[in-house]
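Structure first, then comments.
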Amino acid sequence: MDGGALSVLPVGAGVRGAPLLRCLLRGVCGGVRGAGSTRLLDRLHRNRGAAVWETPSSSPGPVGSALSTKFGPRPVVMAGGILAALGMLLASFATSLTHLYLSIGLLSGSGWALTFTPTLACLSRYFSRRRSLATGLALTGVGLSSFAFAPLFQWLLSHYAWRGALLLVSALSLHLVACGALLRPLFLTEDPAVGGPGAQLASLLHHGPFLRYTVALTLINTGFFIPYVHLVAHLQDLNWDPLPAAFLLSVAAISDLVGRVASGWLGDAVPGPVARLLMLWTTLTGVSLALFPVAQAPTALVALTVAYGFTSGALTPVAFSMLPELVGTGRIYCGLGLLQMVESIGGLLGAPLSGYLRDVTGNYTASFVVAGVFLLAGSGVLITLPHFFCFSAPTLKPQDLVTEALDTKVPLPKEGLGED
C-alpha cells in the first residue's frame, strides 16, 4: 500500500489494532520489568543479578511468523494474548523465582512474542512509502503506555502487593485478544514467489546483509533496556524514593514518544538509506547510557533521561522499517520472527549481566558503561550494510504494492491504494 496519505493509517481495522497492541505490550512488560522487578526480587530474597531472567523473550518469534504466514496474524495474535494473560495469572501464585521464570518468562514471553511479531509485520506490509512514519505513529502507544504503567505498577504494588498487581496485569493482558481481532492481513503480489516458511528461512540464512543486521540489533538489544530494568534501582542507590524514581521512567517514556514520531518522519524525509539514521540514533543512545553514572544531581539525571528516551525511541521505528528494505515485504513475517528470536538473546543476557556487575562492584557504573559499549558496537556493524554511504533513496519495487485483501468481506477504502 502506498503511504501517500496518512489517512491510509487506519485502513481497515488492521492498522487500528496495531497501536493498541503496542501500548498494551510495552506498558505491561515495562511496568513489570522497571518498577516491579526490584520489589519482586526483594520479596523472593534474590540478588540483582537475577533481575529480568523472569522477563519475556522473543524466542517463539519464528513460530509466530510461520503460523502467521499460514493462517494470518489475527488468530496468532489472539492466541498470544491468551498465553500472556495466563502467564501473568500463574505468576501471581509464584513461590520461587523459578516459578516466575516459567510463568512470566516462558508462558507470557511466548504470548507476547506471538503478539508482537505478527502485528508489526502486518503493519509493515501495508506501506511501501512512508513506512518509517507509519511505524513511528503505530509505536506511539509504547511511549504512552510506558508513561502510564511505570508509576501505575508501582502504585498497584503499594496497594495490592505484588500478587494482586500481577492478577490485575493478567486481566489487562486479555485486551490483547480484542486488539488482535482487529488485525486484517493483506495479500501481496510477491507472496507466492517467496515460498513457504521453510524456503524463506533458508533464503534468509544465506542473506549476508540480513545476518549482519541481526548481529547489529542483537548488540543493540543487549544494552538497550538497561534503564528500564535498573534505573529505578540505580536511583534508589542514590537515595531516591521509589515513586519519584518510577516517575523518571515516565519522563523517559514521554521523550521516547516524541523521538518515535520525529524519527519516523525523518526516516522518510531524509534521502539515502535508513541505516545511516539508525546508526546516528544508536550512537547517541549508547553515549547517553555511558553517561548515566556521571550524573548525580537530579537535574542532570532528568536531562540525561530525556536524552536517552528521545534517542532510544527514535531508533525503534527506523530499526523495524529498515527490515523490509533488506529482505523484501513478502519475507517480513519470517524475517522479523528470526530477527527477534536472535536479538532476544541480547535482551536476555544484557539485564542479568548488568545486575551481576552491580553485585560485584556495588554500584551501577559498570552496568551502564558496558550497556553503552554494546550499542556503540552495534553502530559499528550497521556501517557494513549495503548502500550505507549512498545518498539517494531506494527505488520502490512493485512487490511492495498491495493487490488484494485476504478478507474480502471488508473491502479496503479506495484512498491511498493508488499512486501519489
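Each Cβ is built from the backbone N, Cα and C atoms, and glycine gets one as well.
Any TrEMBL annotation is an automated prediction that lacks curation.
Averaged across the domain 'Major facilitator superfamily (MFS) profile' (1-396), pLDDT in this predicted model comes to 80. The domain 'Major facilitator superfamily (MFS) profile' annotation in TrEMBL covers 1-396.
According to TrEMBL, the transmembrane segment annotation covers 76-94 (among others). Under 8 Å from some Cβ of the transmembrane segment (76-94) lie the Cβ atoms of residues 21, 28, 44, 54, 64, 67-68, 100, 102-104, 106-115, 118-119, 163-164, 166-167, 169-171, 173-177, 179-181, 183, all in the same chain and six or more residues away from its ends.
Here TrEMBL flags 100-121 (among others) as transmembrane segment.
The transmembrane segment annotation in TrEMBL covers 133-154 (among others).
The transmembrane segment annotation in TrEMBL covers 160-183 (among others).
TrEMBL lists 210-231 (among others) with the feature transmembrane segment.
The transmembrane segment annotation in TrEMBL covers 243-262 (among others). Here the transmembrane segment (243-262) has long-range neighbours at 30, 34-35, 133, 136-137, 139-140, 142-148, 150-151, 153-154, 227-228, 231-232, 235-236, 281, 301-302, 305-314, 316-317, meaning same-chain residues at least 6 beyond its ends whose C-beta is under 8 angstroms from one of its own.
What TrEMBL lists as transmembrane segment is 274-294 (among others).
The transmembrane segment annotation in TrEMBL covers 300-320 (among others).
According to TrEMBL, the transmembrane segment annotation covers 332-353 (among others).
Long-range contacts of the transmembrane segment (365-389) within its own chain (CB-CB distance under 8 A, at least 6 residues past either end) are made by residues 209, 212-213, 215-220, 222-224, 226-227, 230, 234, 273, 275-276, 278-279, 282-283, 285-293, 326, 346, 350, 353-355, 357-358. Marked as transmembrane segment by TrEMBL: 365-389 (among others).
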